[in-house]
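Here the structure is laid out as structure tokens; the discussion comes afterwards.
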Amino acid sequence: MRQKIVAGNWKMNNDKAETKALIKGIKKAIKKLSLKNTRVIISPSYVNLSAAIKKADNSKIEVAAQNMHQAKNGAYTGEISADMLKSINIETVIIGHSERREYFNETDAILAEKMDAVLSNGLEAIFCFGEKLEERKSENHFAVVESQLKNALFHLEAANFKNIVLAYEPVWAIGTGETASPEQAQEMHAFVRETISKKFGKEVADNVSILYGGSVKPANAEEIFSKPDVDGGLIGGASLKAEDFAAIIKAI
Ligand code: PEP
């Protein structure tokens, strides 16, 4: 059975005290939930990962990093390696978020290298992809998504997918308040599963969790999550408030 996942991407928000307070709030809000077959992940900033792990200890909350450099170590000022993440017990990393692609020039080729680094280090990747508004308007969204998947993932082995979560995030829906309709999300998720199935086989495709991301909030989460190929969400803005994040977790 595929895992359900609700992951919060905090981006460049929350200092140390705010990080701890938000985790405390989420813990309290989800304490009574059974969360069967459901993972809850939060992704604070690098500098607060250790504090977050400590605070989340003994709870249902996992802590992930928002990015990772592909090199083992070296002269890459400002960057963070897999070894560094592993040394503080981080097991999951978001790779290829559209903001990394757009503001930090992360190309498909770089993302392919990052995926290799994540997987060869025994870490798990939440791999993000999705089309821009003009690409959807020109009806190129399926081709764009297919090429993002091919370029960054198709050199991998089927076995790698045990450590990969996919996150479809149409760029036009991120932080804009505009959400893909549940039908649009389902249509793309089914396409992604089919694309993975053709390359890596049905078993891999059936078992990989595909999250939707893009202005998910308590009011729309349940409908989006009710779609058969939507296995959860990657949540930005609404993951910064404990009650909203908890309501989205409840919706799954
Ligand atoms: C995101 O950044 O991954 C995201 C989905 O953001 P938001 O929920 O704010 O649209």
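In case you wondered, yes, glycine gets a Cβ from its N, Cα and C as well.
All TrEMBL annotations are machine predictions without curation.
According to TrEMBL, the substrate binding site annotation covers N9, W10, K11, G175, S215, G236, G237. Residues or ranges marked as active site, electrophile in TrEMBL: H97. Residues annotated as active site, proton acceptor in TrEMBL: E169.
Feature map: annotations from TrEMBL on the structure.
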{"residue": "N9", "record": "substrate binding site", "Cβ within 10 Å": "26"}
{"residue": "W10", "record": "substrate binding site", "Cβ within 10 Å": "21"}
{"residue": "K11", "record": "substrate binding site", "Cβ within 10 Å": "17"}
{"residue": "H97", "record": "active site, electrophile", "Cβ within 10 Å": "27"}
{"residue": "E169", "record": "active site, proton acceptor", "Cβ within 10 Å": "24"}
{"residue": "G175", "record": "substrate binding site", "Cβ within 10 Å": "13"}
{"residue": "S215", "record": "substrate binding site", "Cβ within 10 Å": "19"}
{"residue": "G236", "record": "substrate binding site", "Cβ within 10 Å": "22"}
{"residue": "G237", "record": "substrate binding site", "Cβ within 10 Å": "18"}
Taking N9, W10, S215 as the binding-site residues, the residues having C-beta under 6 A from ligand 1 are N9, S215
Per the 10 Å Cα distance test against E169 (active site, proton acceptor), the binding-site residues N9, W10, K11 reduce to none
Cα of G175 (substrate binding site) to Cα of H97 (active site, electrophile), in Å and rounded, measures 13
Integer Å value for the Cα distance linking G237 (substrate binding site) with H97 (active site, electrophile) is 14
Here the binding-site residues are W10, K11, S215, and the Cα closest to that of H97 (active site, electrophile) is found at K11
Around the recorded substrate site (N9, W10, K11, G175, S215, G236, G237), other residues with Cβ within 8 Å of the Cβ centre, ordered by sequence, are I174, I235, A238, S239, L240
G237 (substrate binding site) falls, by DSSP collapsed to helix, strand or coil, into helix
